[in-house]
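What TrEMBL records for A:GLU45, A:ILE339 is Mg(2+) binding site. Under the heading Ni(2+) binding site, TrEMBL lists A:CYS64, A:CYS372. Look at TrEMBL and you will find A:117-378 tagged as domain 'NADH-quinone oxidoreductase subunit D'.
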Amino acid sequence: MAEMWISMGPQHPMTHGLWTLKVKVDGETVVDTEPDLGYIHRGVEKICESRDFTQITTYCDRLCYASANTWSHAYIYAAEDLLEVEVPERAEYIRLVAVELQRIASHLMWLGAYGPDIGNLSVMVWCLREREMMMDLLQELGGSRMHYNFPRVGGVKRDLPHGFAQRARAKLKLFLNRIQEYEALFDESTVFLVRSQGVGYAKPEEMVNHGVTGPNLRAGGVNYDIRWAHPYSVYSELDWAPPVERSSIKGADCYDRYRVRVEEMRVSASLVLQALDKMPGGADTYHEPEDPMILAKAPTRAPEGTTGAHHFEDSRGESMFYIAGGGEGRGKQPYRVSIRSPMFITIPYAAKCMIGYKVADIPAIMGSFDPCIGETDR
Amino acid sequence: MGNTVSPDSQKSAAQAVADAASAIEGVEAEVVERSSGTNPRNVVVVSASPESWRFLAENLYSEHAVDHCSMVTGIHWPDVEAERRWEVVYHLLRTGVRDPPIENGLVRPMMANPTKLRGASVPIELEIHVHIPDTTTPSVDSVQDIWVGADWNEKETWDLVGIDFDGHQGMRRVLQPHETPQGFHPLQKQHHLRYHGFEEMYDDAQGFMRKPADVGKIK
């Protein structure tokens, strides 16, 4: 049969954003793919070169609308490496709470968007209901619902508000019960199983070579996680293990990637609960902003020759910032900020995964990798 | 508790790689202690000449199991001495990920125990600086065929910074529009962020200010 190229996107439900997937088809079979990105390239790296170190957090929040806190924290760790700041331990615990709550919210957003992708419409409303609880908690910390601007170089903006720990415990307890409802909704849906099982196989060694990390990698039966491999924050103090899925012999399919994210929400909830219990000074005490318990004094200048880098476990894989100091105003601004987006690397690989499957499998495979175009195009 | 890689084992593993890399001609490597928040971490910081980079990359991949390319960063330094006007920074990781073993037709998940990892299976991070002397056409050897993850990183570096990669297959614009003028790479330092004046593509990405080529010449 004659082969032809089809352009899926930039407006297509499969894209989860704004980009084009060019698909070469032979009948119904995908024989070649080529992603075309850059539709919402804002030049964040260039903008950062004319901003102070403290001002950049705002732009990092806006890299990914579903997972803002993980991105601003990834930047803050790199900036602290650059400016050589020692962070108070209580601030590290508060950051862990913020990041893991954000991870749950991000995975819920993914789960809610993935259901409609493959014909399970009601799940979207259920997931957004629980995401609302996480957003409320994050709003208490950062003050806004989406872009929190919460971490600061040297600590965090605010301490946990009065009664936060109590509300977080209650909401997470409710949430942990409700995860079972999602599992019932997905695992007992024949449509979901037929469309997600046995498509989009990916092998771990190949994924690492292609730069794919995070939940997508752990779905393949390996437990690699930046949080233990290059420890930051206080993960070493808590009792946890990254969830790993027992994949099939051919590798991880879309169903494994769904399973691993649901398990990861449980682990994140457990991490938050542990952090609230173990926090130095207790989760119920409150410190004023800029108290040395939650915010260390940090220099504002980084002269030329200094560099900072940090690998961070984002909701979608390994995110990373590399900052070279010594920009305008005798180092008040960075000379160069470079951002590693996990999805920028994963989307080409996901496009390769589709080869050999049917056109109808494309939304199932693409959605299972959790694409976010805000961070991809930067 | 404590189920993370300890700084001591990380340091000795990093030291082993740094010592081996330093033996290559044109390569200097050392282990630098950095911090992330409250945690110390050990990074292998390598400085390599453009000629030795490709050999170093092959060596790291085959001898030291460095299996993951995180990021490629290009930097334009117009104001420094001529030997290092351009810089490419590679961030690599050794993840130690292998395909999990198959027993009786079933996959047995590979659960690495972070506290028991020793020697070449300890995850380490590397930061490799390659300095390129002053030129209008900077380029280094591509490592696209070693780490496929470097593929789109290299495309992006050429697109935004203008550093080319010799041997890279399928180089094209990835973040900027396909019709971007040849030679326009916005992260080069001669381009400034400006909010007024429309000479540069950055200010007129939407094309509202574009005029026909013969404007003013015909009645």
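For all residues, glycine too, the Cβ spot is worked out from N, Cα and C.
Sequence-distant contacts of A:CYS64 (Ni(2+) binding site), defined by Cβ-Cβ distance under 8 angstroms and a gap of at least six in the same chain, are A:THR70, A:TRP71, A:SER106, A:ASP314, A:ARG316, A:CYS372, A:GLY374, A:GLU375.
Around A:ILE339 (Mg(2+) binding site), the C-beta neighbours below 8 angstroms that are at least 6 residues distant in the chain are A:VAL44, A:GLU45, A:LEU63, A:SER319, A:MET320, A:PHE321, A:GLU375, A:ARG378. For A:GLU45 (Mg(2+) binding site), the count of additional Cβ atoms within 10 Å of its Cβ stands at 22 [all protein chains shown].
A distance below 8 A between C-beta atoms marks A:GLU45 as the binding-site residues from A:GLU45, A:CYS64, A:CYS372 lying next to chain B. Secondary structure from DSSP puts A:GLU45 (Mg(2+) binding site) in a helix.
Taking all protein chains in view, 26 other C-beta atoms sit within 10 angstroms of the C-beta of A:CYS372 (Ni(2+) binding site). Secondary structure at A:CYS372 (Ni(2+) binding site), as computed by DSSP, is coil.
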